[in-house]
Amino acid sequence: MITDDTNDEDVSLFDAEEDAGKKSKKRNIRHPVASFFHLFFRAGAVLVYLLCGIVSSSFIACMVTIILLLSCDFWTVKNITGRLMVGLRWWNQVDDDGQSHWVFESRKGTGKPQVSDSESRIFWLGLIIFPVLWVIFAFSTLFSFKIKWMPVVIMGLVLQGANLYGYVRCKVGSKTSLKNMATNYFGRQFLKQTLSKEEES
């Protein structure tokens, strides 16, 4: 049985709700090494995938390099950069009865360090853009009939998609349905656009 545990406190996706007084001190990057490695392994895997045919003729060497970079990225994002850059973490724990529990946590409070706007943007953009690239690679691999690359592309999609899913669940709360969250978000956007058009006329 899989259950969800969460600390229901919310962490803003891009920290847009922070007041202007705190923005000046929150723009700097507090964890430059974590920010670098958050993007390094992801970008490295994509670059090796794109340049593999040009640089090397060995499919096995390219595949192993890409999978190593993807694995390092998964571990780094899940265990280090999520906690440092946005105050989120997720994991699976098995209790004494052998039941699996997924735990999603978010850090928010007065005594805890604030999340930097720059780091938050780097984290979320990197977390969202690279899985989208792997989806594009999956379709291009399928339509170009380069089937030998499909396991590598699926590995990239699964590992980066798992981190994206885990952190989105941390962000919105594990009890919240992702369908309800998307419906509420698009409903608010539609309402904002409608109200702004009425004010203009």
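Including glycine, each Cβ sits where the backbone N, Cα and C put it.
Of all ranges given (36-56, 57-77), TrEMBL attaches the label transmembrane segment to 57-77. Beyond the transmembrane segment (149-168), the same-chain residues lying 6 or more positions past its ends with a Cβ under 8 Å from any Cβ of the stretch are 42, 45, 49, 63, 66-67, 70-71, 73-74, 77-78, 82, 86, 88, 90, 104, 127-128, 130-131, 134-135, 137-138, 141-142, 178.
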